[in-house]
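Participant: The structure's right below; bear with me while I get my questions together.
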Number of protein chains: 2
Amino acid sequence: MAPTPVNHQVRLAKRPEGAATREHWQFTTEPVGEPADGGVLVKTLSLSLDPAMRGWLNDAKSYIAPVEIGAVMRAGGIGRVIASKNPDFAVGDTVYGTLGVQEYMLVPKEEIKRSGLAKIDLRAGTIHQWLNVLGMPGMTGYFGLMDVGQPKAGETVVISGAAGAVGQTVGQLARIKGCRVVGIAGGQAKCDWVVKELGFDACIDYKAGAAAVRDGLKAHCPKGVDIYFDNVGGEILDAVLARLARKARVIICGAISQYNNANSMPAAGPRNYLSLLVNRARMEGIVVFDYADRFPIAVAELAGYLKDGRMKSKEDVVVGLDTFPEALNRLFSGENFGKLVLQVAEA
Amino acid sequence: MAPTPVNHQVRLAKRPEGAATREHWQFTTEPVGEPADGGVLVKTLSLSLDPAMRGWLNDAKSYIAPVEIGAVMRAGGIGRVIASKNPDFAVGDTVYGTLGVQEYMLVPKEEIKRSGLAKIDLRAGTIHQWLNVLGMPGMTGYFGLMDVGQPKAGETVVISGAAGAVGQTVGQLARIKGCRVVGIAGGQAKCDWVVKELGFDACIDYKAGAAAVRDGLKAHCPKGVDIYFDNVGGEILDAVLARLARKARVIICGAISQYNNANSMPAAGPRNYLSLLVNRARMEGIVVFDYADRFPIAVAELAGYLKDGRMKSKEDVVVGLDTFPEALNRLFSGENFGKLVLQVAEA
């Protein structure tokens with residue numbers, strides 16, 4: 001084995017009130033140890049940057065514990081096993097796991113399960129597709145749409161954050177299932193891509209203003225919205241609520257527009273929620289971890305669509321661990337175009 | 001047949017912006033005709049006054065068409081057939097139907113179905129129980145709780161408007177189904193009644209303030225809220241959302257606190273709606289008319305509970321057609337104690 005390398009890490013220095021900036025992070029280095037019996041050492045290749053990460057910085061009850069002050073920032077990612085004393089993992093294996101924002105992760109035997117370490121098959125998709133359509137965003141989109149949304153052919157599905165990681169999976173999957181698909185995204189370039197490349201029936205540019213969103217929904221959803229997959233919350237959620245069809249399903253996956261509010265609470269709730277009453281509709285939250293047992297089924301189906309060309313994927317790759325603070329904020333400004341990935345090392 | 005009587009009526013004179021007051025109503029009289037072939041003449045005994053009536057005054061898309069200006073105000077009620085040229089109805093039959101706020105209703109053959117005219121059996125319950133537990137409020141509570149809420153024994157059920165018509169049915173039914181039941185009502189007298197007479201496990205007086213509601217929910221729902229049956233909306237909805245248990249169901253039945261807003265829109269939406277995400281919970285609207293096919297099943301079950309004493313009912317009876325404008329507003333000030341009934345004539 002080569003001499004022990006140095007591990008560069010990004011740790012949470014203090015909790016942000018609004019957006020997290022460089023002052024909230026601490027850059028540390030420490031030597032990388034060797035795995036003890038049953039453990040493995042993983043070299044980080046690429047990390048997934050997700051809107052949910054902002055929530056983990058708040059000291060508040062949520063679906064997952066907050067990141068502690070001083071701890072390495074939590075992040076899912078793909079790495080390569082470079083040392084192993086565990087019979088389930090061999091040097092050279094490509095693995096997914098909660099690696100953290102760091103160059104190396106030493107996983108003791110008793111942490112392997114908790115870190116979700118699992119081998120991935122690069123024949124099903126590229127490393128970056130494994131962080132996108134075949135990873136947590138894809139799983140979120142798959143189970144949110146299929147289990148909560150329960151789409152039927154001919155129904156109208158609207159998706160906010162349509163060009164994002166979850167949105168691209170949801171929209172293409174809904175189309176494969178025979179639905180009419182309308183995206184909402186920021187800017188003409190994203191809208192064009194969603195329609196021309198991903199085959200959505202239409203896409204509304206929310207940056208054109210609230211009236212454009214309302215008019216677009218009216219024009220593109222003449223029979224109302226049967227399923228709304230919400231990644232953004234705020235005014236867009238309200239606009240879609242106003243156009244629900246009878247027995248509509250609203251899937252609450254996130255509220256990107258609200259995550260950087262000072263107290264992490266939405267500035268306002270959806271005023272049009274009584275549309276749920278008038279239309280006998282439901283609004284339901286999804287947390288992807290609940291479906292972990294069935295990830296392999298979803299991966300197999302989605303990998304098939306990637307292979308036969310019915311599904312495309314787009315990743316927005318930022319390079320270098322030290323760019324993490326600014327890279328994360330691209331999610332909230334809407335600067336990222338496709339699934340945001342932080343490449344830490346070349347594969 | 002006796003000489004044709006005079007029919008006193010209450011018609012909508014103009015649409016209210018906030019609360020409907022006497023100026024929004026017009027009192028008219030007209031002669032009562034005789035039924036043609038297939039028609040019946042019904043004398044109104046008692047009318048149901050419901051929060052939903054306020055919504056029918058707005059010129060807005062909802063689950064039912066607005067009441068037209070100049071039309072007799074829509075109201076469900078119980079009457080007696082006093083003339084009939086229809087073989088399905090005999091003079092002396094007691095009937096339920098959309099009679100309107102008037103002393104007599106002449107129902108032509110072709111309107112019988114649309115007015116929902118149906119004989120009721122006074123062995124199952126009194127006239128006023130037929131407007132309460134066995135009527136629309138009871139049906140709303142039954143199908144909202146059973147179909148949307150799907151209660152399981154041991155779960156915690158919270159009900160706002162607990163002393164109201166829908167609330168009393170929901171709470172007692174949830175208790176019969178083995179749930180822990182916590183009401184929210186206005187004032188100590190209502191709370192005491194709900195606990196001592198109806199057997200709720202606890203009741204929170206919302207008039208004691210927002211902190212009392214929060215503290216009460218925390219104290220009385222130590223494992224969180226599995227089912228919330230919401231009749232009121234507003235701050236109370238937000239307070240309960242903050243205490244949802246995993247996989248909770250929120251039944252949106254109404255938003256009494258918001259109906260008198262100038263534009264009939266909630267002043268604010270539920271800020272805590274992301275609790276649906278964190279807790280994988282759902283919020284769903286119910287409109288009772290969707291369950292009309294199954295009303296007889298629910299009536300049979302609830303009548304059984306009334307008979308064996310497991311369910312009690314309380315009606316708040318106001319007498320005289322001319323008191324309608326003020327009587328209706330008692331629903332929004334919370335003055336009514338039990339199901340609000342307008343008695344138009346003695347049975």
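Cβ atoms are placed via backbone N, Cα and C, with glycine included.
TrEMBL does not curate its annotations; it predicts them automatically.
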Participant: Would you mind telling me which of B:1-21, B:253-273, B:316-336 TrEMBL tags as region 'Disordered'?
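Facilitator: Result: B:1-21 is the stretch TrEMBL calls region 'Disordered'.
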Participant: Can you give the mean pLDDT for the domain 'Enoyl reductase (ER)' (B:20-342), rounded to a whole number?
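Facilitator: PLDDT averaged over the stretch: 95.
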Participant: Determine how many residues of the region 'Disordered' (B:1-21) DSSP places in helix, in strand and in coil.
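Facilitator: So the region 'Disordered' (B:1-21) is made up of 0 helix, 7 strand, 14 coil.
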